[in-house]
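According to Swiss-Prot, the protein carries these features:
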- 1-18: signal peptide (SIGNAL)
- C134-C140: disulfide bond (DISULFID)
- 176-196: transmembrane segment (TRANSMEM)
- C191-C313: disulfide bond (DISULFID)
- 197-213: topological domain 'Cytoplasmic' (TOPO_DOM)
- 214-234: transmembrane segment (TRANSMEM)
- 252-272: transmembrane segment (TRANSMEM)
- 273-295: topological domain 'Cytoplasmic' (TOPO_DOM)
- 296-316: transmembrane segment (TRANSMEM)
- 339-359: transmembrane segment (TRANSMEM)
- 360-365: topological domain 'Cytoplasmic' (TOPO_DOM)
- 366-386: transmembrane segment (TRANSMEM)
- 393-413: transmembrane segment (TRANSMEM)
- 414-423: topological domain 'Cytoplasmic' (TOPO_DOM)
- 424-444: transmembrane segment (TRANSMEM)
- C504-C507: disulfide bond (DISULFID)
Amino acid sequence: MRRLLTLILLLVALPAGAGLFDSRPGASLGGGLDGGGFLKVDQAFKPSVERSDAQHVLLRFVNAEGYYLYRHRFQFKVEPAQVSLGQVQLPAGKQHHDEYFGDTEVYYNIVDLEIPLNNPARQPYTLVVTYQGCADKGLCYPPETRRFDIDGGAATPAASDAAGKGPLEHKGKRSLLFFFLAGLTLTFTPCVLPMLPILSGVVLRGRPGGGRGFVLSLAYVLPMALCFALLGALMGMFGASLNLQAQLQSPWVLVPFAAFFALFAVAMFGFFELRLPGFIREPLDRLAGDARGGSILGAATLGVLSSLLVSPCVSAPLAASLLYISASGDAWGGGLQLFALGLGMGTPLVVFGAGGGALLPKSGAWMNGVRNAFGVLLLAVAVWLLERVVSGPVALMLWGMLAGGAGLALGALEFTPKSAARRLLQLLGLMFLTYAVAAWIGALQGESDPIHPLGRSVPSIHAGPPSTPGEWQNLTTPAQLDAALAEARQAGKPVLLDWYADWCISCKVIERQVLTDPTVQARLPAYRLLRFDITESNPAQRGLLDRYNLFGPPAILFFAPGGDEWSDLRVIGEIDAAGLAERLRRAATRQ
């Protein structure tokens, strides 16, 4: 039963890990969110000129977590005419498949763009950059244009103000929580958990429990976590010095990283052990044996030494974490993440010190399941890294192989008498194996989405703005919108205003999957239906976005018969049919 609970925990952790092992800056602690939880465009995408001379300009974009830029939407020009641009060679991006727009390339995290130019006189000039991006949660920003004034090869300070506001703005609470949970889970491995009573015997002198035990355990755990934090900060600085995060787009970095994660996974499966060299480990063992227990100083000393004596069960995921942090290039963030990891690893010891061994689970064979679960998770990270290098169908094939291997390991095809717990594990294995078969079939058919391996049946779209004939009125100028709103106000009819653009993926989803839903369709006739097309994204249309405090499409606004907006009902980003139907129902009660 404990193995089953461990595997269920793995299933919960996998999607979290898929989102949290992105080497891209987060923004969940930063400001600038609108009512829908989206960042302003200048906070979602932060461009800066890092270096410039007479022949080149290095332009860097720092994208917040969950936001990406389209490779094909970049445009560059320089002013005045005496300075000219060369042929810009954009780096390869991550393959991004959309049901409507097909295969594109996008940039996550940090991307460096090398822009060649001809400026032999080194005269001042202005670099004009146009770009466009979206949020994973379903918001597309209009094309944005930034101007950088460069004085004879050096960017002015105003042009470089997008370099980031501090570590906390780029590290979300989720990553810290994930590292804490990872550390907590690492404790329940075959090598670490049995050591807890031994360690507590040295630190607590065999007297766990009470306030004294809590203080001594805390004195042991905090220095251990601080050592992990120092290690994480150093790895972050090392990664920053090599600019690994920007280089992470390159197959020459991604493939070795994926190989390292796969190697660590094999170590977690018990095929070999990763340990410190003997000439380092043995002196540390002697120091730990000489440390005095029963005192705060002795507990702190043991905590520091314990952080250096990495056991075989912890070294593989710890090394994987260090690789990840070195790629992030964030010293502060790396320190915080490994501090959280250390706190997670030390939490069971604090629990033991405060309440005694009765509060901790007993060691046993179930802990091998934790170790194997970490191996599967590390393999999943390796596949995730390879997704940036290989084609979509190949990546889907790899996900299928991982799921199939996990299913077979759980005994999916072992039809022999089993206990109830093992039958549940076999059922879980059959689910993994079923997904694996679906992934392989989808890959052979050219699919690439691991969430929908067999693809989704979607209707074709027309080139122009979508509309339901005879119902939706399409608008493109502020004057047209004002006139339509005034007409609806005079008629005493509520208005449903849909913001749309051809380049907005989520707009297509809403048009084809939400507005066509029968529960939504049944309530639409009560409204004057307006659709504002912001595809052109001219200054007048962008001014209209500012007027309504919007960042871009999709968005749906509700207006009362008297012309006032029901702001609590507005939709920003994607929404499903049930959510929109509920808003329509609430609006109907106000008429």
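Please read every residue number as a count from 1 along the shown chain.
Each Cβ is built from the backbone N, Cα and C atoms, and glycine gets one as well.
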Candidates C140, C504, C507: member of the disulfide-bonded residues with the richest Cβ shell (10 Å): C507
Integer Cα-Cα distance in angstrom, C134 (disulfide bond) to C504 (disulfide bond): 8
DSSP residue counts for the topological domain 'Cytoplasmic' (414-423), split into helix, strand and coil: 4 helix, 0 strand, 6 coil
Around the Cβ of C134 (disulfide bond), the count of other Cβ atoms that are within 10 Å: 23
Cα-to-Cα gap, C504 (disulfide bond) vs C140 (disulfide bond), nearest whole Å: 5
Alpha-carbon spacing, C140 (disulfide bond) to C507 (disulfide bond), which is rounded to whole Å: 9
Where C507 (disulfide bond) falls in three-state DSSP terms: helix
